[in-house]
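Everything below concerns the one structure shown next.
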Amino acid sequence: MGRTSEFESETKTTNSANTYRLITNEEKPPDIKYEKENSWVAGVQMFVSFLLAGFGMVAASLLLDVVQHWDVFSKVSEVYILVPALLGLKGNLEMTLASRLSTHAHLGHLDTNLGSLVVGNLCLIQCQAVLVGFLAAMAAVAMGWIPEGQFDIHHASLLCASSVLTASSASFVLGLIMIGVIVVSKKMHINPDNIATPIAASLGDLTTLALLSWIASLLYKSIGTSIVLPSIIITVGALLVPVCGYIAWSNKFTKQALDEGWVPVVSAMVISSAGGLILDHTVSVYTGIAVYQLVINGIGGNMVAVHASRLSTQLHTGQKEGSVIGSTTKLLLLMVIPGQLIFIYTIGYLRAGHTSTTPTFILIYMSAAMLQVFLLLTISHYMVAWMWRMGMDPDNSAIPYLTALGDLLGTALLGVAFSILYAIGDKDSDLGD
């Protein structure tokens, strides 16, 4: 018995072993087979979705540059701290939703159980989003309190209410959009694994940031020093959690996701925080590194999310595990250089960096980007396979860890790249700025 037969045996619809199963008594339907998927078509689908995700990331950055001057951002500094925490946590929820729905599309469940899938997943992400909103707000309050040791109840209530309302609203809208994207992609014979997670990432950041800025600004202008309205919003959010959680727990498609989804999301926040510590140090030395950090981490995270989503679908549909350097890995590695070049020159065009187009900078930066993606794809291959053997659903658990590792590796490797550039000739502190 080899590893292939082991994976095939794990997809049978029984309940006797501690592995993730298809729905009880349901046969694996004939559907898209990876060996029949045209590599060039898959490559075009993935590359276009990466470009959309990248420009969504650029749009979110430009939006942040505008809203950071609004009164609520300048008067309640914790709102600015809330942005990366909320975007990171919410991004993981949206990408795991996209990966999970892509697998259901391949298994034929969208054709036979669309209503149950829609209700279960919308309730699941509502429950997760409200709790994630609380968590992100508490993290922002704590980080704002630590430096000066002062706690403002009005700021804390504003943050909590804004975060919860934003997370809940964005999750509902984005959940419906992602369901629509995957249903339409299946009807158009596009593999949803190739496009769903990057679209989720791109729409997620932009939508969440826009809603957070608008909601926080409205609450700041309307409530003054009152905590009544924020308290009502927080209470309604708290009541939503058990109701939506019960519905998700009662749904056969989302019960396992509700059970498994918390540890990866919280662990990812801790891993990303380590990357934040590295960035805090490197930014103090090389002030121009931040804009490239967004690009390298964004592209790396989107690529590994697609990789994990495709691997998970392979396992769910009973296909062989494949090698570390499979066709998907090769396609994704081929996209690193053109994708990074497009965004590097976009940054240069927007005048965010004057050294970005030098041959030495591009060579060293590309080396760091290629190494980051190669390491992420290798880790993804082994992590998804290990989770499957341990009885976990990779759709629920893998992507948060992998995107957080992408942030950590990208930030660390970019710091090394800028250190090398500084050592070989550019002694300016604004390298890349």
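Cβ coordinates are placed from backbone N, Cα and C, and glycine is handled just like the others.
Listed in TrEMBL:
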- 46-67: transmembrane segment (TRANSMEM)
- 83-214: domain 'SLC41A/MgtE integral membrane' (DOMAIN)
- 118-146: transmembrane segment (TRANSMEM)
- 158-183: transmembrane segment (TRANSMEM)
- 195-220: transmembrane segment (TRANSMEM)
- 227-249: transmembrane segment (TRANSMEM)
- 261-279: transmembrane segment (TRANSMEM)
- 291-311: transmembrane segment (TRANSMEM)
- 295-414: domain 'SLC41A/MgtE integral membrane' (DOMAIN)
- 331-350: transmembrane segment (TRANSMEM)
- 362-384: transmembrane segment (TRANSMEM)
- 404-424: transmembrane segment (TRANSMEM)
Other same-chain positions with a Cβ less than 8 Å from the transmembrane segment (362-384) and lying at least 6 residues past its termini are 292, 296, 299-300, 303-304, 307-308, 311-312, 315, 324, 326, 329, 332-333, 336-337, 340-341, 344, 356, 394, 398, 401-402, 405-406, 409-410, 413-414, 416-417, 420-421
For the transmembrane segment (404-424), what are the same-chain contacts with Cβ under 8 Å, counting residues 6+ beyond its ends?
88, 267-272, 274-276, 278-279, 281-282, 285-286, 289, 292-293, 296-297, 300-301, 304, 360-361, 364-365, 367-369, 371-372, 375-376, 379, 431-432
Any residues 6+ beyond the ends of the transmembrane segment (158-183) with a Cβ under 8 Å from its own?
72, 76, 78-79, 82, 86, 90, 93-94, 97-98, 101-102, 105, 110, 114, 117-118, 121-122, 125-126, 128-130, 132-134, 136-138, 140-141, 192, 195-196, 199-200, 203-204, 207-208, 211-212, 215-216, 219-220, 223, 229-231, 233-234, 237, 240
Could you give me the DSSP helix, strand and coil counts for the domain 'SLC41A/MgtE integral membrane' (295-414)?
97 helix, 0 strand, 23 coil
What are the DSSP helix, strand and coil residue counts for the domain 'SLC41A/MgtE integral membrane' (83-214)?
121 helix, 0 strand, 11 coil
